[in-house]
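Heads up: the structure comes next, in structure tokens.
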Amino acid sequence: MKVIFSVAVLVLASSVWTSLAVDFILPMNFHMTGELLQKTKALCIKNIQLCWILSYFKVSEPICGSNQVTYEGECHLCSGILYEDRTVIKVHDGPCEHSSDESEH
């Protein structure tokens with residue numbers, strides 16, 4: 001009985017954690033500024049390691065970048081900033097209205 005209870009608690013705890021697991025929060029703005037880009041980059045550097053963990057538990061929600069590209073989530077936007085030297089910030093949650101997919105760029 002103790003084993004079943006322990007497994008049930010473990011499953012419940014991981015389910016709750018997974019449902020609460022969200023990509024980290026990035027600032028949003030329609031106008032790019034150097035200060036906002038630096039703040040976004042600093043948050044990306046601080047949180048990029050979470051992306052590996054989050055990718056196993058949760059599908060990311062699309063976000064719109066200031067370059068009118070729809071990214072698969074904050075992790076993908078940060079990857080572009082940190083590893084592809086893109087100058088982009090998050091504009092809003094959800095896909096861009098007139099966008100090409102991030103994978104095309």
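Placement of Cβ uses the backbone N, Cα and C atoms for every residue, glycine included.
CYS78 (disulfide bond) falls within a helical segment according to DSSP. Cβ environment of CYS78 (disulfide bond): LEU26, LEU43, CYS44, ASN47, ILE48, CYS51 lie under 8 Å away, each six or more residues apart in the same chain. Residues or ranges marked as disulfide bond by Swiss-Prot: CYS44-CYS78 (among others).
Here Swiss-Prot flags CYS51-CYS75 (among others) as disulfide bond.
What Swiss-Prot records for CYS64-CYS96 (among others) is disulfide bond. Reduced to three states, the DSSP call for CYS64 (disulfide bond) is strand.
Per Swiss-Prot, the feature domain 'Kazal-like' maps to 44-98; the stated evidence is sequence analysis.
According to Swiss-Prot, the signal peptide annotation covers 1-21.
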Three-class DSSP secondary structure - CYS96 (disulfide bond): coil
Cα-to-Cα gap, CYS64 (disulfide bond) vs CYS75 (disulfide bond), nearest whole Å: 13
CYS75 (disulfide bond) and CYS96 (disulfide bond), distance between Cα atoms, whole Å: 17
Surrounding CB atoms that lie within 10 Å of the CB of CYS64 (disulfide bond), all protein chains: 21
